[in-house]
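What TrEMBL says about this protein:
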type: BINDING; residues: Q102, G103, Q104, P229, F230, G231, G232, M233, E234, K533, Q534, K535; note: peptide binding site
type: BINDING; residues: H258, H262, E281; note: Zn(2+) binding site
type: ACT_SITE; residues: E259; note: active site, proton acceptor
type: ACT_SITE; residues: Y347; note: active site, proton donor
type: DOMAIN; residues: 433-578; note: domain 'Peptidase M1 leukotriene A4 hydrolase/aminopeptidase C-terminal'
Amino acid sequence: RLALRCARAEAAELRLDAHPSLSVSRAALLPPGGEPPGEALPVSCSPFASYGSALHLQLPRPARLGQRVDILIEYEAGGGPGVCWLTPEQTAGKQKPFMYTQGQAVLNRSFFPCFDTPSVKCTYSATVEVPEGFTAVMSATSWEKQNDTTFVFKMSQPIPSYLIALAVGDIVSAEVGPRSRVWAEPCLIEAAKKEYDGVIEEFLVVGEKLFGPYVWGRYDILFMPPSFPFGGMENPCLTFVTPCLLAGDRSLVDVIIHEISHSWFGNLVTNATWGEFWLNEGFTMYAQRRISTEIYGLAYTCLEAATGRALLRQHMDNTGEDHPLNKLRVVIEPGVNPDDTYNETPYEKGYCFVSYLAHLVGDQSKFDAFLQAYVNRFKFQSITADDTLAFFLEHFPELKEKGVDSIPGFEFDRWLNTPGWPPYLPDLSPGEQLMKPADELAALWAADSLNMEAIEAVDITAWRVYQLIYFLDQILEKSPLPEDNMERLSKMYPKISKAQNAELRLRWCQIILKNNLEAEYSKVKEFLHSQGKQKYTLPLYRAMWGGSESARALALETFSATAPQLHVNVQNYIKQILGLQVEE
């Protein structure tokens, strides 16, 4: 049921986003707030793009400007890309099936007919019936269990369609803070509780201090089955995250800081179009690093930001700097799937632009105050970069007077519309005290003859995970290493070569492939069998496919074994890498 208000006088047709996998059996016009059956409406579908179709409903009479229109649509869904059905084998417990929805960017049109654009926000409610022995959860401000198999949800704040999310499975919860619980399959719940007990509240409190009130009530986390293709999805009140975050040592909790930061940037203030995704992600990266600086200090945060910068460098080297996707304002042509424009640029180049704005202000507390004012001004709205930048100049009239939007080389227009490396990079030198030892150690390992005395003098046991990641990034850059160095490196640091931490495993696998260390191919295979996160999976297939004959064989063998446990989008991206036929 949709409660709508007519925004254009004499509108006689309602057009909604839908998907060929949705079958609509009936549509009706209801009296405002009234009950079915209502007045039947003619319904038709027309093609729109590869990722969806248009649903046309003809109104019996044109609607007046401002008139409320209530529509009932009876339909069936489930076969589309936004609704993921997992077999028991694809879950952690391997006993019961699991289903979840993933709306971002344009997939929720295959879950329910809607205005599937981030420019429209609405509240929602849902009643979900499940089979016995299953639990339903949604991105909603209230959750009520009516009986063993019926759950009622209500989201009282307006959100864009892509943030409406549902998951059903054999899941249980544990409290980890005054307004937070973790949800997971029973076999993971203890690990989830241990990893996150007490930390979420600390992040929320710092976020509120910096960016203003947390408006969503609860902040819960659902640990997804291993095939979940993303690190996290910031569904309001209930972030969906990869079980890869259960590293056992709290070393990856910063991913949660990123998702928590979306509570202000993305969920509360939202990009009106996917072409300006940096408004969601660039501000969220900045917010994440502000929270991290408050909690873990500047040096560690700079080190984490340096690994982010390395990812941006890698991406731009892969695509070429002047690739049109390497602009902050991406032109998404009609019919192009916004998901296919996803890359590091809105995150890390976006972060650089927000950092540049902070640099123009020159005073951290003043810029923090600007961010609070910005959130307060645009909360529950969807906006463009022009809105953001106009508000920035309005907030700092002295900067507007100085013409900071058109400083040669740093023009706001250039930031938005010119592809390439960011014109300004924030100073990450406070991280050098942690980077320098890692740089020096990597240089020792890249030497033709190894100076084992110097290598053994460096104790890496106390290094935190981002220091190890940074070290591995340097090794990867210097690879292939001289003959035999790899085997010795692997033996010397079991903390790295046998790590369970997914970020370390990814990089170790990339190093194995770049050095063609066939003796450790099994580690690549094991890692790809253990999880299906897109950010870990695709780079490894690219590396295998760009490698030796045996690496290519490993790619084909691993893909044929793991394909059924992967998300369909990830399957298709791998098929593209391997030159296989992609099903529409």
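Glycine is no exception: its Cβ is also placed from the backbone N, Cα and C atoms.
Here H258 (Zn(2+) binding site) is positioned 18 angstrom away from Q102 (peptide binding site), judged by their C-alpha atoms.
Here the domain 'Peptidase M1 leukotriene A4 hydrolase/aminopeptidase C-terminal' (433-578) is broken down by DSSP into helix, strand and coil counts: 110 helix, 0 strand, 36 coil. Residues within less than 8 Å, Cβ to Cβ, of Q104 (peptide binding site) and separated from it by at least 6 positions along the same chain comprise Y162, L163, M233. If you average pLDDT over the domain 'Peptidase M1 leukotriene A4 hydrolase/aminopeptidase C-terminal' (433-578) in this model, you get 96. If you measure from the Cα atom of Y347 (active site, proton donor) to that of E281 (Zn(2+) binding site), you get 5 Å. You'll find the Cα of H258 (Zn(2+) binding site) roughly 9 Å from the Cα of G232 (peptide binding site). Shown are the recorded positions F230, Y347; of these, the residue with the fewest other Cβ atoms within 10 Å is F230. A simple Cβ count within 10 Å picks out one of the binding-site residues Q102, Q534 as the most packed, and that one is Q102.
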